[in-house]
Every structure is written in structure tokens, then in C-alpha cells.
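Accompanying notes for the structure given below.
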Amino acid sequence: MYAILQKFLFTQDAEWSHDFTINWLKRTQHNFLNVAYKQHIDDKPVEFLGITFKNPVGLAAGLDKNAECIDAFAAMGFGFIEVGTVTPKAQAGNDKPRMFRLPAGQAIINRMGFNNKGVDYLVEQVKQAKYKGVLGINIGKNKTTPEDEALNDYLICLRKVYAHASYVTVNISSPNTPGLRNLQYGDALTQLLEGLKEEQANLEVKHNKRVPILIKIAPDLEDSELDSMVDSFLTVGIDGVIATNTTLDRDRVKGQEHAEEAGGLSGSVLTDKSQQIVSSLCTKLAGNVPVIGVGGIDSPHAAKARIEAGSPLIQVYSALIYQGPKLIKEIVDSL
């Protein structure tokens, strides 16, 4: 079924296809048409951050930005689902066109720019979902918010999503919001994390519930930059790390149509770079902070390699677009 749908969608503009798919999933997730993507996957539980995940394969943030299709992705058999990135206020994102396929490398370039309907809308969608599994909510800052006021945006989102999330991911690594990646380094990172951890403690008392905070990092990091980040993670006591976001590197797609488009590159061409960061990160953290691996996970082999590198949980996005829901089952069955 997916192969037929994909053949049609790949004749259309990439963002139009994305929007069509989200709307279709939204309309079918609660009726018999969900048979098109619903599948049974055996449980392979993983304990992580004190939470039981029914299997280690999750949906990465960015596909269901507004949490409109949670039950559809649950029907596909994901072990956990991450929605967002969401910002305090709704925003349109960057100018179109802003999403491009590079089929030769099963890759996608996007410069969406955190387009979303705002955190209040997302929370309402989460409340309406029937899903009772592990839900991550990925939060960001509005484009118009200055870097030195970024913490306020993250705190607004954290307070609003806290009661509804299994974990919260702080996105400081998208390349499509000007200045955002500057928050990954030095004092800026430490101050951001300290502010978030302080509010987490307040919210834990208020809601009588501890919700872990994870940081999503970029793959485009020098070893010294990664060392600095690890120091901040250990000093502040961050709960977990998601590695990695999309890359600005184009070495693996040179000469392909759309290769020089601005934005973050994801897909199979990211496999080696993300694998390297996860391996290095897990070595440096030495088990003190757990890691979720994402980026170019397009096969059972890639999934196993990421898990063996030290990330017991993994996420997929681009490979799901190219291969369909069967990929989830193939990975889980192989583990």
C-alpha cells in the first residue's frame, strides 16, 4: 500500500506531499482506513530514564510538528513518538520552497524554520490523542526571539507541555533558525540548561511528576566543541541527549539535484556522521548521561550499530519517508 502511495507522492512537491500525508493520517487514524499502515510489532521493552519503552524504535521530531497524528504513528508500531518542534507562538517558518528530496541518497534537505501552530494548539492535540505510550515533546524558540532571551521561550513551552510529556527535548541544533546553534556552546549552553533544570525542579513539585529533559545536538561538531558540551551536560546534570539533528555538510551529496539548497540534510547520507558523534559522545559521557541515537538510521544494520555504540533507543524520520512503516517492524524484529 505504501509503495503505491509513495509513487504518487514522489511525483509531487516534497512539502505538498508531507502536508498531504499528515492530513491523510489525521483523517484516517481513528477509522478503518488505518489498516493501510497499522501493524503488529512484538514488544521488546527498553528501560531508559526510568521509563519503559515498548520497543527501541521511535519517531523523530519534525514529522508531526503539531501532534496531529499521534494515534496514526502509534498504529505503525513505534515504541515511542516525539512531536514538535513547537514554539511559544505559532509561526509560518521560512519562505517556500523549503523542502527538497535527494532520492539517490535517500536524503532530504529542509529549511522549514520551526513552522508550527504554537504550543497551545499542540497541547490540545495531545490531550485529544488516545495514545498512552511514551511521548516526547520537542520545544524550540520563536524566530523573532533574540538569542539572549531564548531561555524564556523554552520555559514557556516547558511549563505548558510538562504535564503531558513523558520527556521534553530542547532543540538547540536546528540549522534553520538564525543563531540557534550558538546556544550549544560555552556559557550560553550552561546558562540555558541551568534555567531549564531549575524550572524542572519547580514543575516536579507542582505536578508530582518528574519529566526528564533531553538536549538535541547537531552532528557538525569539532571534538573540542563536543568536549565543552559534555562538560556542561555533566555539570548541570542534564537527563539525556538526542544525537543528532540534520547536517550542513554536503560532501556526500555533491553533484545531486538540490544538493546546494540551504538547510539541514537528513537521510542515509547522514548515517556515518551521526554514528561517529554518538560513538564519541557515549565514550565521553561514560554512561553518566544516556543517549538516543538518530540520523541516517535506514536499516536494521544501522539501527544495531547505533545501539551498540551506546544509544539504547533510536529514532527514524527520513528513512520512514523513503521506505514506509515496514522499516519499523524490520528493525524491531531484527533486535
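Every residue gets a Cβ built from N, Cα and C, even glycine.
Counting only residues at least six positions away in the same chain, the Cβ atoms of H18, I22, F73, Y317, L320 sit under 8 Å from the Cβ of L63 (FMN binding site). L63 (FMN binding site) falls within neither a helix nor a strand when secondary structure is assigned with DSSP, and so counts as coil. Feature annotation from Swiss-Prot assigns FMN binding site to A61, G62, L63, D64, K65, T85, N138, N171, K216, T244, G267, G296, Y317, S318.
The substrate binding site feature in Swiss-Prot is assigned to K65, N110, R111, M112, G113, F114, N171, N176, N245, T246; the stated evidence is sequence analysis.
As annotated by Swiss-Prot, active site, nucleophile applies to S174, with the evidence given as sequence analysis. According to its DSSP assignment, S174 (active site, nucleophile) is coil.
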Just name the most isolated of the binding-site residues K65, K216, going by other Cβ atoms within 10 Å of its Cβ.
K65
N138 (FMN binding site) - helix vs strand vs coil (DSSP):
strand
Give me the Cα-Cα distance between A61 (FMN binding site) and R111 (substrate binding site), rounded to a whole Å.
15
Could you check which of the recorded positions (R111, G113, N171, S174, N245) sits closest to N138 (FMN binding site), going Cα to Cα?
N171
